[in-house]
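Comments concern the structure below.
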């Protein structure tokens, strides 16, 4: 195995403002002036009320409850309370959000959620608002049953709940459809509040529905966007001109108190893709944009790559696919070296042999540079974006092929690249169209974990997006904006 570093290429310096310094798809979205492609067929505008100021909403699921522990179907029943583990998880979330400011807290009135909110809110003096529509999904006759009891008592209906939840019917109700309607109602109430930074503490299913309805996804995405106990998700709303609904961006999904590769929630899996954004480079911090992707990581980026490698030590990596750019290759090598030293580091009794492969389809920097430096028409810029989309689709297909390439019982593939290509890969995983490219945000050094509990030929389940807790003091605080320092 050997590496050939990408040769430095001379190029003229292009000076841009700080907002355009980071190569992110949120910026690409802005290049499509006037022509709002989000209204094209394939994506409908989310039913979100018009806002005048930017808002950030932080969603937290309650800690482990007694019925979680017992494996009972809770629904909107109110008979379970937090376990000692659940109280500890809530305390961890409190510490994680301790330095973040909130103007208000909305909470489900159910005991397990309300108690979690009280622990996280701590000594804050701001308002706590119980909201009945934030209660967990209503499951009617299912509620209170152990899973094997549900299967024995309801048979086909329980099977439908497991494999076709959006069309699941019980007692004359369609619970998932009702939940989606209730989530839309919640957004009206949350966004009408004057607070610009809002904490919402609720439940697994309702938080899934809140995330999905915010970015315009339907009930078919139930159980695709995981919410673990005390997992944190962040949704940004930015006002649009002429009274249009706001632009919505999922800043992160399911940042858990425990590492995402060990976190509970969701089905067990033996096949997984981990998307690793390479660490910070000089162009992340300065307004010059000379040779995008050819500069190495700065000291912050090196630390971030080391932190990521340490996090992945608990995961046996089968293969690392990387963009040929310097920062990505260096990040991949750091992960590789830690994996191969697993026995020395006490993670394994035998060494791990990990293959690294450079993948040209993960190298989107030349395409991005065209978009940033081009003075061409919107049509040409649209063509550049189409090129990026098609290239990332090839990369996603290659990732799935790599995931299925071996018959070993556990296969974990890591892909290292620019945050932009990873956003596109997330969209491909979710079977979305290019109109969703501005709906996700990733930070340097972050990871995104995608599970395939039924194998790589089936729908992937997003365990987390933009996970940064492993970076410690080098992570981005939850309520700090990356796009405009004055907004939050």
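Even glycines carry a Cβ here, placed using N, Cα and C.
Per TrEMBL, the features are as follows:
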BINDING   61, 62, 63, 64, 65, 66, 67, 68, 112, 147  substrate binding site
ACT_SITE  62  active site, tele-phosphohistidine intermediate
ACT_SITE  136  active site, proton donor/acceptor
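In this structure, the C-alpha atom of residue 62 (active site, tele-phosphohistidine intermediate) lies 6 angstrom from that of residue 112 (substrate binding site). Ranking the recorded positions 61, 63, 67, 112, 136 by how many other Cβ atoms lie within 10 angstroms of each Cβ puts 67 at the bottom. Each of the recorded positions 62, 65 was scored by other CB atoms within 10 A of its CB, and the lowest score goes to 65. Across the structure, residue 63 (substrate binding site) and the residue listed as 'active site, proton donor/acceptor' are spaced 14 Å apart at their Cα atoms. Here the Cα atom of residue 67 (substrate binding site) is found 13 Å from that of the residue listed as 'active site, proton donor/acceptor'.
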